[in-house]
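What follows is a set of notes on a single structure, which appears directly below.
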Amino acid sequence: MWTPEIPPAPNPNPKNDLNKSPQELVSEFWDKFIAKNPGKVTTIFPHSLYANILPPLQEKGASSARNAAESYEAAAKQCREQVWRIVRECRRTNEKFADPDFDIESDKNLCLWNCLRGLLRGDGEGSEQDSSSGSSSDDDENVDVPGSVHRIDWIFERPQFTIDGYSNTDIKQGANGDCWWLAAVATICNRQDLMEKICIARDAECGVYGFVFYRDGEWVTTVVDDNLYLNHEDFDYYGDRYDSTGKRARKYKKLYQTGSEALYFAKCSDPNETWLPLLEKAYAKVHGDYESLSGGWSGEAVEDMTGGVTTTIATNRVLNKNKLWKELVNSEKNFVFAASTLGTGWDWTRGGLALGHAYSILRATEEVDEEGNKVRLVLIRNPWGERDRRGIGEWNGPWSDGSREWTPYWLQKLQHRFGDDGIFWMAYEDMLSTFVFLHRTRIFDEKWTVVQRWTSVSVPWVTGYLQTKFLVEIKKAGPVIFVLSQLDKRYFRGLEGQYEFSLHFLLQEENAKPGEHIGLVRPAHSREYRSISAEVELEPGKYEVLPKILATRDSKKKMVEHVVKDLAEENPQKLKQVGMNYDLANAKGVSSEEYPKKVSSDAEENKKDTCSQDKDKNKRDQIEDKAVKDQKENDTKKQNNGKSVLEMEFAPLEILDGFRVNKKGQVLNEDGEPIGELKEGDLMSCTGKKITRGEVRDTDGRIVGQARTLLRPVGKPVDNAPNESTVVKNDEPEDEKKYEATDEKLPGAKDGKEDDTIKKDGDEEVCHPKNESQSSETDDNAPPPWNAICVIGMRVYAKDSEVAIELVKPKDPKDAILDVEGAPM
C-alpha cells in the first residue's frame, strides 16, 4: 500500500509559537511545506540553442488521428535516407563510417567512458533497476571496463549480419544487466517480420547500421558504426613486446579478440553473426550509454521495439486461466509474451530458475499424451543461453531436461533435444505458480488508429483524481486500448529529480455519475512506473479518462538544477547528451499556446531577479559604507578619549580554506556558523566552489571570485590605540575593512537609527554583531517545498479512423483533486 511521504517537522521557535493557536501552527507548516508556484525544469539548455531541432509543440484542442503503421513508415523512411546519405559520404571520402555522436573508440582512448557510464557516477543514486530484472550470468567476464574497441571486420573472420535469419537461440547475454531487454529480443525473434521492422537499413562495407525504436509515443531513428567493445586489451596495450615474426600477436588475437566470444556485451552464439551486438549498441545509444540498459521490465523493451502496448499480469491474480491460455497460444499473432521471476527474501533461485531475472516465452501448445489426455506446455528461454557455473538458469522440475516426463513419444512429438542451451519446457500451471509476472504485449497493424495528448500536471501531496482529464470520442464500436504513460526516465538518467510517480486512471462515460465508471486502472506492482493500460469494448460515444498520480520524494537524490550546475564544468559533453534527451522529452508537456507564456514568464522572473540583485547590492554598499564610517569613528574615539573598548578585527583569510560559498553568498564552517562571505564575483558561478586564501576557484583552478572574512572581537578591551603587533590584519587595505554580518542590516543601519545590537555602558562601547546563522542554517538544510510536476500522456488505440482525443484542464487551479465521489481524498 502506498503511503505518503511524511514531511519533516520544521525547527520550532518557542517564542513565536506561544502566541499562536494550534490551527495557526498547522496552517503555517503546510504553507511552508507546499510550493507557492509549482513548476519543474523543462529545459536544461536555453531554447535558442536548438530551437530548430526540438519537436513541434502540440496544438491545443483535439489530436488528429494517425494510423499506427503510418507513423512507423515515416520513421523507417527517415532511417533509410540517413543511412543512404552516410554511405554516399563514406564512398566519397573512402573512409568507413565513424559515429560522432556515439564514438566508443575515442571515448575509451580518452578514458571518458561517456558511452559506457551514466551522468551520475559513484553517487549511489537509486533507479528502477533496483527491483526489476537486471541480472547477468556469473560466467561473464565482468571487469570494470572493456579491454579494447575494434571494428567488425577486425574482430570476425567472416562476419555476417544474420545467418539463417533472426533466432532466439542466437542470443547470449554479456557483461551488462540487460537480461530484460534480451528476453524481449528473444521473444520478438519468433516473429521475423517484427525483427525486420527494427533493423531497417545497413551497409556492412561502410560500417553503418540503421535502427528504429519506439519512445514516448513516437518512433525514433538511430544510426551506429561497427565499432564494438572487446573483453581483452590489445597485445601491446601495456607496452611494446618483442615479436619479430608477429606470431605471438596473431595467436593472442585468435584466442582473445576473435569471434563472438571476444565481445564484452551481448553476442550471438554463432562466432561470425553480428546482428545482436549491433542492435544492443543502437539501443544503448538512443538511451545515452550502456549503463542505462541495466535493469528493467521485458514488457517495456518489447514496447520499445514494436510500438505495442504491454499489460503486466500478476500470475496469482489470474481470474480466467483459459482466457489467458488462448492469448498465450496466440494463433492470430496478436501478442508476444515474456516472464519475470522475483525473490521474496534472501533466496536467489527457485526450481533452478534465477530470481530477479527475465525469461522469454517462445511457444505455448496443447498436446495429447499417449492416453488421450490434454497437456498444456510452454517453451521458455533464458537469455543467458546456458546455465551459470552454479547450474542456475533453467527449470529443474517436471518437463525439465532429463525429467521422467520425457518419453520417446514426447521427444518426438515436440522435437525437443536436451542440452545446456537455456531452452526448457514447463507445464502451464507450473509456469503460473513459479513466475511472478507475465508481460503481454499487443502488436498493432494498419487496422489500428492511434491518437495521443501530452500535458504536465502538478501532483499534490494529498492524492485524488485530477480534474485535468482527457476526453475521447469513439465513432465506431469495437475494442479500444487506453494507455496512460509518463516520460521514460531511462533516456535521461541522472536528471530524473527527486520525485517518482505511480499512475492510476478512471475510465467513465462523459459526465457520468459518481461510481458509474467503466474501469479503475492501477499498476500491477509497485515498481511499474512507465505506463498502465486498459482494453475495453466500447460503443460510439464520448468517454473521460481521469488521472490519479501518487508521488513520492527521495530527498537524498540530487535535484535537476544541482546536477546541471555540478556537471556543466565537470562533464559538459555528457551533460549535453543527456540534457538533450531531457529537453526533447519534456517538450511534450508544453503546448504551443503555453510556450510563449512560459518564455515571457521566465523572462519576467529573470528581470525581477536582476532588479532585486541590483537593489540588494546598492543596499549592501550603503550599509557597508555606514559600517566603515562607524568603524573610523570608533578608532577616532579610542585615540581621543583613550577609553576601554572591545576591539574588532577581520579574521585571517586562512580560516576560509577548504570551505565553499553557499547559495546565499555565505561561507559556513563545520558547525554551520558564518565565517566569511563572497566579496567579488558572480554568485551563481561561485556557489559550491572551494576557497583558497580568499580566492574562489572552479574545478579547473580558475579564479571566479574573492571571499573575505567577518569581523570578530580581538579579545580583552584595551585602554589605548591597539598595538599593531597584536592585531591580526586581513589582506585588504585598512581603509577597505568593513563591518560584516550575516544579515543585510548591520549595526547603525536600522532605519537610520542606532541598532539595538549596540549597547553602551558608560563610556565603554561593546559591539554584538547580529547573528542569524541558526535560521540560515535551518533554511539551507530543510527540504524544499513540495513541488511534484509530472509529464503525462494519454494514447488511445482503436479500429476507428475517426477516433479523437482532447485535453481538458480545469479553469480554477484550486479544483485540482477529487476522488470518484467528488469529495477530497
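One is the number of the first residue shown, and numbering goes on along the chain from there.
Each Cβ is built from the backbone N, Cα and C atoms, and glycine gets one as well.
All annotation found in TrEMBL is predicted automatically rather than curated by experts.
Features as listed in TrEMBL:
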- 1-13: compositional bias 'Pro residues' (COMPBIAS)
- 1-21: region 'Disordered' (REGION)
- 123-144: region 'Disordered' (REGION)
- 151-444: domain 'Calpain catalytic' (DOMAIN)
- CYS179: active site (ACT_SITE)
- HIS357: active site (ACT_SITE)
- ASN382: active site (ACT_SITE)
- 589-645: region 'Disordered' (REGION)
- 594-638: compositional bias 'Basic and acidic residues' (COMPBIAS)
- 713-787: region 'Disordered' (REGION)
- 729-771: compositional bias 'Basic and acidic residues' (COMPBIAS)
State the Cα to Cα distance, in Å, between ASN382 (active site) and CYS179 (active site), rounded to an integer. 8
Just the number: how many Å between the Cα atoms of CYS179 (active site) and HIS357 (active site)? 7
Collapsed DSSP category at CYS179 (active site): helix
Taking the Cβ of CYS179 (active site) as centre, how many other Cβ atoms lie within 10 Å? 29
Count of other CB atoms lying within 10 Å of the CB belonging to HIS357 (active site): 27
Test of understanding: give the count of other CB atoms lying within 10 angstroms of the CB of ASN382 (active site). 30
Let me know the model's mean pLDDT on the domain 'Calpain catalytic' (151-444). 93
